[in-house]
């Protein structure tokens, strides 16, 4: 059997901790690296910080009396410090853990994941025979996905009655474990093997869907969108079979469906399939009021934009922005689309004027204004003239007489535009109006 436990830990522990990640041991300076006592003290402090310190007890016998048996032989005893809200860890799952292993009455671990992967938690696949039996048995008797537990493992459930000389003694060992995550890779396979009566149960549905969603998230992060889509589609199929027994369970199933359809919309957007995005949004319409759901409206807009239906896209983006006025991403999209629409209108007008050999109106008058101001007014008039609907553009207050005369002169060259002036002096207001012909 290939053991997960590092049997050569004692020989390497000083080297590993000295050459380890500085963030893990910030208080260890270069001048103290050769000091064995400081190194051991830092090991002890780190286990405390990571909640991997050995608990206070008089003896393993006294400690074991307060634990529960995981095996009828008493070779594995467990004390759950903190348990997750999910199901028991599946026997064939992949777990992410930190552990520290201690001999009786020791305060420094003889082995720990803190010395592996630069101090990162260790990911282990259960059911492969690559870790000691006692550790695997204990992990499958706690609820995940997050938990803390202590395991007291006898030699028979660890490395055998003789240990692994010279490093591993033939003695009981205490494992202090922090479980960070559980990945149920075979949930879908197990679900398909269940009878229909089991498949419809709420607990089975939730466990399977959570596993499929977790796997889909990992695939999405790796940009494997097609595989993620398959997982979300399977999650929808599982949810449709579910028969919740209470109103709360029914609401939970509904929320999971909403989540799955939204994630499918995102994945289809990533794979450039706007019609599929629309289909997912329409599925959401049958579950919730999408007019009150910003993300659904956003992807309605995305789908229409991808299909070239700019006006429809703007309509949905505006609805989404109304729900989340501070959403900068939606605001930027609307601003970009507005600019694109204006540019398109101006270019379209220029194209038709050229097609009919009509020159763009221009003024020959000379005004006592800045050339940039005159150019900006002309551009604005061309943009307004290119619009098909009524429009009104308010100019800043405080314009000089020459600036107002310049505006009037340029506007007069556009038959569909007019200038509206009201007020006097500093209160004078000037606006350019696009009339409907």
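From the backbone N, Cα and C atoms, a Cβ is placed for every residue, glycine too.
According to Swiss-Prot, the domain 'PPIase FKBP-type' annotation covers 92-178.
Summarised as a single figure, the pLDDT of the repeat 'TPR 1' (209-242) averages 95. Annotated repeat 'TPR 1' per Swiss-Prot: 209-242, in sequence order.
Summarising the annotation, Swiss-Prot assigns repeat 'TPR 2' to 258-294.
With a threshold of 8 Å between CB atoms, the same-chain residues lying at least 6 positions outside the repeat 'TPR 3' (295-327) that come near it are 262, 265-266, 269, 272, 274-275, 277-278, 280-281, 284, 288, 333-334, 337-338, 340-341. If you look up Swiss-Prot, you'll see 295-327 marked as repeat 'TPR 3'.
Beyond its flanks by at least six residues, the repeat 'TPR 1' (209-242) meets 86, 183-185, 187-188, 191, 196, 199-202, 253, 256-257, 259-261, 263-264, 266-268, 270-271 of its own chain at Cβ-Cβ distances under 8 Å.
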